[in-house]
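The block underneath contains the structure these notes are about, expressed in structure tokens.
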Amino acid sequence: MKPLQTNFNLLTYLYERKEIVEDTLNKSIPRGNPTFIYDSIRYSLSAGGKRIRPILCLASCELAGGTMEMALPTACALEMIHTMSLIHDDLPAMDNDSYRRGKPTNHIIYGEDLAILAGDALLAYAFEFIATQTKNVPADLIVKVIAQVAHSVTTSGLVGGQIIDLSSEGKSDTTLETLNFIHIHKTGALLEAAVLSGALLAGAKEKDMNRFLRYAQNIGLAFQIIDDVLDIISTEEKLGKSIGKDLKTQKATYPSFWGVEESIKQAELLVEEAKEEILYFDNKAIPLIAIADFIVNRNN
């Protein structure tokens, strides 16, 4: 295999796509009445963040032969769903967090009732946005994408992971197998949906979809391992959210099983496996390869 190009600038790539995603998100939900629910929705949706899920969706679509325009509605929908999950995650009945993306959490500003409804609305808006805004993609592929994204939120995805996460809190007998289950579903499912939906929109073949799947599964788990590490070694200012909470609530984490250094090694191994899956695409894979490296080397 010929060597991959080395002049790719990941920071520029991430910045440009983040700007496109945020511009589209800002226009995606126009203000209406009652205004305060829109204020609550937009407070969290415009709070920043890495926008890694939408960027993965755009990158996989382009790698599979599609265009950014084809994938942009789904990319933004994924960010709406991710934002919904953060709003609901932060509620007192869930993780009870008061600080997210460098700001007070949604329910601290708008109350628990509006926070719940804002999350509900974002979930519905996400699927409406895919269905009404996706252009130049066959209808059968749009249906497949909607099914893929929806599945990532069900009890086989994000919800299932959150349920086991909540029920494991404070227990000293949580196994590594259970921890993997939690994060394959709670964190990994939406990252997986981002990669797969982008490829689906471009009409990727089944053998290529399997490569995208294995790439996504590996980076999803690596992402969570590094999140657990950062909760120990980073600062609240860098992360933009509360730190040390896992330790306080006696929640099982990868460092609690392996320690910090071994956790980082395991994440690096997963990223190498992810990259191996898409080297098949040669230079077209460079953005996804660089994003995989970013996931394990990030500091927030």
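A Cβ is built for glycine as well, from the same backbone N, Cα and C atoms used for every other residue.
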Practice task
Could you look at Arg31, Arg42, Arg101 and say which one Swiss-Prot places alongside Lys50, Arg53, His82 in the isopentenyl diphosphate site?
Solution key: Arg101
Completion exercise
Minimal Cβ count within 10 Å, across the binding-site residues Lys50, Arg53, His82, Arg100, Lys186, points to Lys50
Exercise for the section: Check Arg100 ((2E,6E)-farnesyl diphosphate binding site) against DSSP and tell me helix, strand or coil, would you? Expected result: strand
Exercise for the section: For the recorded isopentenyl diphosphate site, enumerate neighbouring residues of the same chain (Cβ within 8 Å of the Cβ centroid of Lys50, Arg53, His82, Arg101, site residues themselves excluded), in sequence order. Expected result: Gly49, Arg51, Ile52, Glu79, Thr83, Leu86
Handout entry: Integer Å distance between the CA atoms belonging to His82 (isopentenyl diphosphate binding site) and Lys186 ((2E,6E)-farnesyl diphosphate binding site)
Key = 11
